[in-house]
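Here's what Swiss-Prot has on this protein:
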- 292-366: domain 'U-box' (DOMAIN)
- 392-432: repeat 'ARM 1' (REPEAT)
- 435-474: repeat 'ARM 2' (REPEAT)
- 476-516: repeat 'ARM 3' (REPEAT)
- 519-558: repeat 'ARM 4' (REPEAT)
- 560-599: repeat 'ARM 5' (REPEAT)
- 601-641: repeat 'ARM 6' (REPEAT)
- 646-685: repeat 'ARM 7' (REPEAT)
Amino acid sequence: MNDPRSKMMISPGLLPTESLLDSLILISNEVSSMQKFPLVQIKNVSSMIRRIKLLSSLFEEIQESDSPLPPSSILCFIEIFSVITRVKVLIQECTDGSSLWSLIQLDFISNQFFVLVKEMGRALDILPLNLLNVAQDIKEQVDLLHKQSKRVELELFIDPREVQRRENLFEVMSKNCLQNKKTNNNKGFIDFVKVEEIMCSIGLRTLSDYVEEISKLEVEAQNQAGTGGLIVVSNINNLMSLVSYTKSMVFRNDGESEECKPISMFLYNKSKIHDNDSSSSSSFSQSMMTVNIPDEFRCPISLDLMRDPVIVSSGHTYDRISIAEWINSGHHTCPKSGQRLIHTALIPNYALKSLVHQWCYENNVKMNEAITKNNNSSSKRHKNENAIDHISENKASKDAVKMTAEFLVGKLATGSTDIQRQSAYEIRLLAKTGMDNRRIIAEVGAIPFLVTLLVSKDSRIQEHVVTALFNLSIYDNNKILIMAAGAIDNIVEVLEFGKTMEARENAAAAIYSLSMIDDCKVQIGASSRAIPALVGLLKEGTIIGKRDAATALFNLAVYNPNKLSIVKSGAVTLLVELLMDDKAGITDDSLAVLAVLLGCSEGLEEIKNSKSLVPLLIDLLRFGSVKGKENSITLLLGLCKEEGELVAMRLLANPRSIPSLQSLAADGSLRARRKADALLRLLNRCCSQPHHSL
């Protein structure tokens, strides 16, 4: 589609050559009588035409009355003439342009209709209806139109059905091998029934429709070459590849005497598609294509069926080949959670493997087809072809993500507030899953724009942006890029004064994620506001917010100079209070931070001054979690070493302390057993000194 803005710069102050009312009636009738509507933006087009038809009745009524027009009404009608003229141009552009490109530009075009409706409403603001010699019902209709236009100003309308079509289009493009098509018969992993449905929904039903759409995309690429930039032209070329490839598959010529048939007529007639010696790998590919794999059976890395599911130290399950490749490439974190892997052992998930086997049997999917070794050359050849197709599919998926990310970043950089809000939300979702997605989004330059928008006055933009940065930061390389973009001050700003609690909490989560890298711990700790802001959220946040703040403080406290800042911010007293609050729900996190702060003399002093802490720790030795018990015993041992007999006497005076320590020394974790033994030895030495009494 040509850029509508270039054709819509019509000055509202330029009077038509004919009389004003004649021109208004003429342009209104031209719009109302349009025969061909675009199949994208149909609701916005229909709504706009309905408004113009209603105004046309007003113009005709005024013309018939032959009464003089008040000056303010003339100004109003000049503005309306400009709006209707631009509506006509916009509808014509949508009709004549590429339907696919209109679908990709859904937000941008919807915003243009939105702007025109707002301008129509503002023009009607100055229309003196009471001074016009028209029927009462016309006045009421125009007044209703005015009120509706003012209501529309509050919210941009984007047809959810068209949003879904666009999502379906992106999904199809991610599954299509656009850049690596071969001349062989195995042309990727597309569900062509779904492709045909998408194309039909935007008006591509016949072979000529496909040919026309390709021509429109070619024209659009030429128009954008000078103004849209390489990214836009590349996106249009990708769309042309999709339509061309789909056309060749949706319409096939089975014989010289036969006409082209849509794929829905022969997709399930396998005898016409495959010859008798079709390979088993081909049937495997078809079965996988037509059967919907449950999400819980898909590997989070490859999104393929997990044929050999294994569990990593974080507790998440992956396909063995995918996670092994991930670890071997130098990563030491869980791809899904971002947690550091404490070991690289891969534990077979036999329960899930059994369920996958059962699902494969019930759905006629050959479980071991792609992994069974076979020495004959034919099987090897088909196995290699499957591997190539798999690589090609992954590349196509990455290309689709890159195209989407580039498009969204462009809207993020130049769009209106509404467009930026939608783009930030979509980047947030795109960055939520997959390390490749996070890497690609950063590579196309999203991070600097996201950092800038952290201080947006729009609460939703701020929330989406800080969450997107948190999601992106899960990929280790992005942590450096985010810090290099100067994000920390803006993130802290959101943490302190965020417009929503969710934004503040996600800012804390972002700091937690960034602080996993040692250099980032130093930079964050150097900010005079970061640690006090985290302590503030620890006090004011929800359970999730408190936990995010506590884990961020724990990470920062690992760097010794940060411990003093945490203590000075009043964290110790607050953490002890949270231990006493059953509803807070962050006992383990609070204990972990207190245990780390023992390594700082100021922290130790603050912890010693808490009179209620020791009884709490004794109770946690009995009822706490494994981690809670470990950190409780760490704190008690540290206090005993520092305070000596004073804390020892308090422990011995509590009848529950010795049984709890003995139980922990016998049945606790290795770390807890070791520290429980050390504490029992200290208490034993204290008891052996008879001159001390309880």
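Along the chain as shown, residues are numbered 1 onward.
Glycine residues also receive a Cβ, built from the backbone N, Cα and C atoms like all the rest.
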Completion exercise
Given the repeat 'ARM 4' (519-558), its same-chain partners at Cβ distance under 8 Å and 6+ residues beyond its ends are 479-480, 483, 488-489, 492, 495-496, 501, 504-506, 508-509, 511-512, 565-566, 569-571, 574-575, 578, 584-586, 589-590, 592-593, 596-597
Fill in the blank from the handout: Per the Cβ filter (under 8 Å) with a sequence gap of at least 6 from its ends, the repeat 'ARM 5' (560-599) is approached by 521-522, 525, 531-532, 534-535, 538-539, 543, 546-547, 550-551, 553-554, 606-607, 610, 612-613, 616, 620, 624-625, 627-628, 631-632, 634-635, 638
Problem - Residues of the repeat 'ARM 7' (646-685) by DSSP state, where helix covers H, G and I - result: 35 helix, 0 strand, 5 coil
